[in-house]
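*Asks:* Mind looking over this structure? Questions follow.
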Amino acid sequence: MRTADLGGNRVPRRSRGVRGLAMVPLKRRRVAPSASSGHPSPPRTPQHPDVVIFLNERKMGASRRAFLTRLGRSKGFVVEESDSVTHIVSEHNSGEEVQAWLESQSIPKGIVDSVHLLDISWFTESMGSGEPIMVLITSISNLLEICSEIRFCSLLQVNDKLRLDPPEFTVKNYACQRRTPLKHNNTHLTHALELLAESAAFGENEGRSVAFTRAASVLKTLPRSVQRIEELRGLPCLGEHSLRVIKEILEYGASQEVESTRQSEQYQAMKALTGIFGVGVKTADRWYREGVRRPSDLMDSEQKLNQAQQAGLQHYKDLNTCVSKAEADAIGVIVDQAVQAVLPGAQITLTGGFRRGKESGHDVDFLITHPEEGKEEGLMPKVVNWLDTQGLLLYQKTTRNSYLESKDGPARPPSNMDRFERCFSIFKLESQSCSPPEREKSHQWKAVRVDLVVSPFSQFAFAVLGWTGSKLFERDLRRYAGQVKNMSLNSHSLFDSHQRCFLRATSEEEIFSLLGLEYIPACDRNA
Ligand code: UTP
Ligand code: MN
């Protein structure tokens, strides 16, 4: 079985010379002259010179074929009859019919094997996206053609489904249904996809960003490293674009799109600017369009910065240095001291990435509660005041708890932002607690981002679950609850829309069980 080239045309197919179609009688391969009727638009210079499409007139009819030919050419595709044909497209033909037709043309089997035999759906999808949809494997000898998504499967595969080998891996659809350990076997692929996800987020294309994140997440669950693209057959969440990138990396060691994105001025500037605490994508993008490229450009510019951004800029270097687990633990000791000083018996829990077993993170997240419901009210200002008095805070902004079950229950639109009493802060961590090599003599402390959240005891299990992450795991938990269980989950509660009531839980295990999910421990939620 041969692995087909990318639609993205890295392999010089022409040079491989797919000969043989010249043997197809000419009358059967009359191709309409280029557009004369004015629609679709006139042919463009070929954008995809390595994809040469042949439209099979059988059952398609001459006039439709002529129309599709003009359409393809107007989109920059080569549609012709020549010995360079790489993709044969048929409509209303079964795989057997196409095969029989090819045999009737007396084209040597070896040649047929190297051409993609595709259904019209491939053609229309490719026209729609303006680029050739990738075809993963072609082999008429196996009567098998696997495409990136089931709707692109060629007629051949549809006919031969039963003869497919079982897929190499099975992976459940929602991230909350599967185990994703921290260490996995496909980092070279996931880093690339995550960079594209990040870049899409910079462009405020959330759908595209989540799609790349999901694709990366699926690869993280695989028990071993992927060697061949065919091994990914049947896996969920791997769209055409992600598959194309993966395939390129597997074959060439790198993806051109990923590398050019990484090098691009816009990506680098957006990365640097959103790396400033208090700066989101919208602000960074506006600055970029105004010519700002680096945080240092802001120092002597006219740009107005809010307090968070000023602090972010001032501590830029520290805040862009990873927080180690040891530093997180040192901060945990301080937060516990503060909490015990103002409310004895209160409990603190390390959440976020560190609870999932990460060795380093961008911030430290803590959840604070007290076993006696109501005792936690008004706790945050006291904790913050204690820390501030000790000179431990470089910046803080506290928001009050705005969650009311009666108000925020099912009647209100679900909000992803939770409404706990929360403090976004920057801690001044003294150097004995920091990793020594990082500290210079003149700078005996390190600025560290810390998020503090106070939860009533009755909501604690939901809060821990919501704050442990990963973000994709949380997103899929909520999606699963809504789509599969007709329930609504957030960091405060679980609402059963069918029974119209809140479901109580005192542990994460209970919440998974209420959702009908197998319990996934925090260390396996690194989706
Ligand atoms: P983080 O952004 O801190 O991510 O959010 P992280 O997984 O700990 O990773 P790093 O190492 O810091 O980068 C922690 C969790 O808190 C939830 C998110 O779901 C995330 O999983 N969270 C965060 C909220 O629920 N609401 C927020 O406003 C922010
Ligand atoms: Mn975190």
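Cβ coordinates come from backbone N, Cα and C, glycine included.
TrEMBL: automatically predicted annotations, no manual curation.
Below, the features straight out of TrEMBL:
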{"type": "REGION", "residues": "28-49", "note": "region 'Disordered'"}
{"type": "DOMAIN", "residues": "50-133", "note": "domain 'BRCT'"}
{"type": "BINDING", "residues": "D363, D365, D451", "note": "Mg(2+) binding site"}
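Describe each of these features in terms of where it is and what it packs against.
*Replies:* In the three-state DSSP classification, D365 (Mg(2+) binding site) falls within a strand. Within 10 Å of the C-beta of D365 (Mg(2+) binding site) we count 21 further C-beta atoms, all protein chains included.
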*Asks:* Given the binding-site residues D363, D451, and counting only Cβ atoms in the protein chains shown, which has the most within 10 Å of its Cβ?
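*Replies:* Sorting the candidates by Cβ neighbours within 10 Å, the top entry is D363.
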*Asks:* For D451 (Mg(2+) binding site), what is the secondary structure state per DSSP, taken as helix, strand or coil?
*Replies:* strand
